[in-house]
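Taken straight from TrEMBL:
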type	residues	note
DOMAIN	B:21-416	domain 'THIF-type NAD/FAD binding fold'
BINDING	B:Asp37, B:Asn45, B:Leu46, B:Asn47, B:Arg48, B:Lys61, B:Ser84, B:Ile85, B:Asp106, B:Asn107, B:Arg108, B:Ala109, B:Ala110, B:Arg111	ATP binding site
BINDING	B:Cys147, B:Cys150, B:Cys415, B:Cys418	Zn(2+) binding site
CROSSLNK	B:Lys153	SUMO1 cross-link
ACT_SITE	B:Cys162	active site, glycyl thioester intermediate
CROSSLNK	B:Lys179	SUMO cross-link
CROSSLNK	B:Lys225	SUMO1 cross-link
CROSSLNK	B:Lys246	SUMO cross-link
CROSSLNK	B:Lys394	SUMO1 cross-link
DOMAIN	B:426-513	domain 'Ubiquitin/SUMO-activating enzyme ubiquitin-like'
DOMAIN	B:523-600	domain 'SUMO-activating enzyme subunit 2 C-terminal'
REGION	B:524-560	region 'Disordered'
COMPBIAS	B:536-556	compositional bias 'Polar residues'
CROSSLNK	B:Lys597	SUMO cross-link
Amino acid sequence: MVEKDESGPGGISEEEAAQYDRQIRLWGLEAQKRLRASRVLLVGLRGLGAEVAKNLILAGVRGLTLLDHQQVSQEDTRAQFLIPVGSLGRNRAEASLERAQNLNPMVDVKADPESVESKSQEFFTQFDAVCLTCCSRESMVRINQICHKNGIKFFTGDVFGYHGYMFADLGDHEFVEEKPKVAKVTTGVEDGPEAKRARLDPAETTMVKKVSGESPGGIWGGQTPKNQR
Amino acid sequence: MGAAVGAAAPELAQAVSQARLLKNLVLTGFSSIYVIDLDTIDVSNLNRQFLFQKKHVGRSKSQVAKESVLQFCPEANIIAYHDSIMNPDYNVEFFRQFTLVMNALDNRAARNHVNRMCLAADIPLIESGTAGYLGQVTVIKKGVTECYECQPKPTQKTFPGCTIRNTPSEPIHCIVWAKYLFNQLFGEEDADQEVSPDRADPEAAWEPAEAEARALASNEDGEIKRVSTKQWAKSTGYDPVKLFTKNFCGTYKYSCSSFFFSFFPKEQNKSDQQNESSAMLKDQQVLNVRSYADLFSKSVKTLSLHLAEKADGEALIWDKDDPSAMDFVTSAANLRMHVFGMNMKSRFDIKSMAGNIIPAIATTNAVIAGLIVLEGLKILSGKIDQCRTIFLNKQPNPRKKLLVPCALDPPNPNCYVCASKPEVTVKLNTHKVTVLTLQDKILKEKFAMVAPDVQIDDGKGTILISSEEGETEANNHRKLSDFGIRNGTRLQADDFLQDYTLLINVLHSEDLEKDVEFEVVGDAPERIGPKPSEPTPKNISNGSDDGAQPSTSTAPEQDDVVIVDSEDEGTSSNADDVENKSRKRKLEKGCECVGAKRVRNLLLPLDKVIHVMSYCNSTLSWDVKNVQN
């Protein structure tokens, strides 16, 4: 795994700035640094798990632990693009490790062949976020309670053919919402001579910080659906 | 690539077995996948294009994608072309061999072209695109749905010459000017990219002293007018001070001396202190004027060396990923902003605007890729009636939907592409417009023809333009009226590659607006009032604009602006209802899902309205205007 250089301007290395450029332009440098500092646990490496792993690794999290006690089956070879040909019978997490790591050497990717049900409470507290797939209801409830108690972001989801679901319990958290900037009569400070006329620039937006007061139980999609103006 | 449909949980095996079977049947039916992309891999692609790794940077995208896919699916039959889809080798017959075409393009010209090819070959086309968190998928089938060009899409924002040359009021004007200056000095000179102040502009308020100075200067420099900017620059040895003086001190309102003083500030500028925080990337810092003057000087020297290394007659092409070219535009634009009293911008921001960068992430692309495949499956199983336009929004709608399907609209009977006998009326001055303008600006740029042939509908079939190189070159600089073209004349324009014939009615007019060479009658009029702040105009190209040659990563990231006709609401909470009710819903009062007629105002994270495209991740041509959620 490539060491990250924290000493670059902005707190990330030039290599990272170049690689993450297109996403930094979307969610900002601050968000990228937070991703870069977070450790995530991913349980279940079937098709859905592989997708989630790919997305998290490409985003540039600090570390991702792939946890799966199952072995690679025939079905897995069709839907899971991290597992190389000829891996039938291998542990799924371990079989996925190499391809996953190659997606982004700057992420610390680990494989754990144990069952999630055998993990103690302490195990989960090393993570900032936990994502479960292919888990039994009992497991989901148990782990959700552990996460909620410890302020760990909790996600779970699964797919069934053309159907699927995702659930998130983010506890009390802060988030930002994008709002349009309201037109102001400028006094020529920002712009050129024409600035004196009031100009509504709908493309200008501002990020507004909000705090969620969500009670345990989580919310759909991980965001408040309320449309606040 | 993108989203693979996950395996079913055992307890639901029964319910999904049919779907899986269908998928397997369908997939078994894929005999081969052809992949075409002219681009090569860049490091900035790696945050989302997961088939590529660092070691692949510089290599062909289509080739590496194929190799990576074969790693996990060795039995896939993939044919990769490192080429432009607009290459005439890919004719109608080529397209006819496919059951389905999926677009993942990043520019309007290519989308228009593939649209026409698929119409000509009568092959279903899945169009798509993404921009940041937003995405869209739609299906195009000749005779069944709207084609890509049925609804007019707004052309990329352009600025009047006088705004660029005389009266910039926004940073973007200065950035456009800087890119023009790059071309005048180092690139292909373009008569439409003048940088010197337009003295004919009535709004140019020359101060008396200034006017006199100019008169004197022009007498002395009288010779300069006869020499191209590039030749003059060369004659000075690309001396940065001389270049600076000519291009920046010539601007009115500021005398040379006061401007020069600003480069030697006694105290540190405020901006220096702000930049000390580590909350910014190096590129996100805004430097002081002196630093940009130095950067201008440095980049001019480097670029003049690059130009000297080129063969005779060859020019540099502006590329946002070329450090000196980017340095040049950053410094020149900022110096101009400073002169005109605007706050300067960081290299990071200028790069976004100058390079038409659309932010992009893996997840949006994964969602859209999944949707593309799902629409594809419907088509392949003969259920095109179930196809939809689907929008991926940033926030759930009032019905709590993030993904919103809308019924596909039938073809526009007056579409100038897919109607049975397409026809348009073009307003222009026949005494002023040349044959070359007709070919390049009207037929190629506006009507997206690639290799047009034009004859006059005069009973004699007089050939005005031939797509065969050299045949009608002599006509290029002659005016249309020279050929007897006047009000009411009809021209027949053909693009044989696209199997496309367009009848053009000429409407002669002498009162077009300044800087406007032609108008297509029936085009949506320009919006009055608040406009979205849009990035560089369409005649600014980054690197190889039309992407006609297989290239390095100088191919534009995107150069297109398309309108999102995104009516997001309108479906019930039960997805099945869409099929039953969507048609009826269109007629209901207050119906939100009316298809591509209304434009919502979209808020963008950055004030950019261009779509991004990468081969592996299907992205979409977005017409994103401002949307108020």
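Placement of Cβ uses the backbone N, Cα and C atoms for every residue, glycine included.
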| request: Find the one among the recorded positions B:Cys150, B:Lys153, B:Lys179, B:Lys394, B:Cys415 whose C-alpha lies closest to that of B:Arg108 (ATP binding site). | output: B:Lys153
| task | Give me the mean pLDDT over the domain 'SUMO-activating enzyme subunit 2 C-terminal' (B:523-600), rounded to a whole number. | result | 35
| said: My list of binding-site residues is B:Leu46, B:Arg48, B:Asp106, B:Cys418; which of them have a Cβ under 8 Å from any chain A Cβ, in sequence order? | reply: B:Leu46, B:Arg48
| query | Which whole-number value in Å describes the distance between the Cα atoms of B:Cys147 (Zn(2+) binding site) and B:Lys153 (SUMO1 cross-link)? | reply | 12
| query | For B:Cys147 (Zn(2+) binding site), what is the secondary structure by DSSP, using just helix, strand and coil? | reply | coil
| query | Can you count helix, strand and coil residues in the domain 'Ubiquitin/SUMO-activating enzyme ubiquitin-like' (B:426-513) using DSSP? | reply | 19 helix, 28 strand, 41 coil
| request: Anything within 10 Å of B:Cys415 (Zn(2+) binding site)? Look among the recorded positions B:Leu46, B:Arg48, B:Cys162, B:Lys394, comparing CA atoms, and list what you find. | output: none
| request: Could you check what DSSP calls B:Ala110 (ATP binding site) once collapsed to helix, strand or coil? | output: helix
| task | Give the sequence-ordered set of same-chain residues, not counting B:Cys147, B:Cys150, B:Cys415, B:Cys418, with Cβ within 8 Å of the centre of the Cβ atoms defining the Zn(2+) site. | result | B:Leu119, B:Glu146, B:Tyr148, B:Glu149, B:Pro411, B:Asn412, B:Tyr416, B:Val417, B:Ala419
| query | Closest of the recorded positions to B:Cys162 (active site, glycyl thioester intermediate), Cα to Cα, picking from B:Leu46, B:Arg48, B:Asp106, B:Cys150, B:Lys179? | reply | B:Lys179
| task | Round to the nearest Å and give the CA-to-CA distance linking B:Leu46 (ATP binding site) with B:Lys394 (SUMO1 cross-link). | result | 23
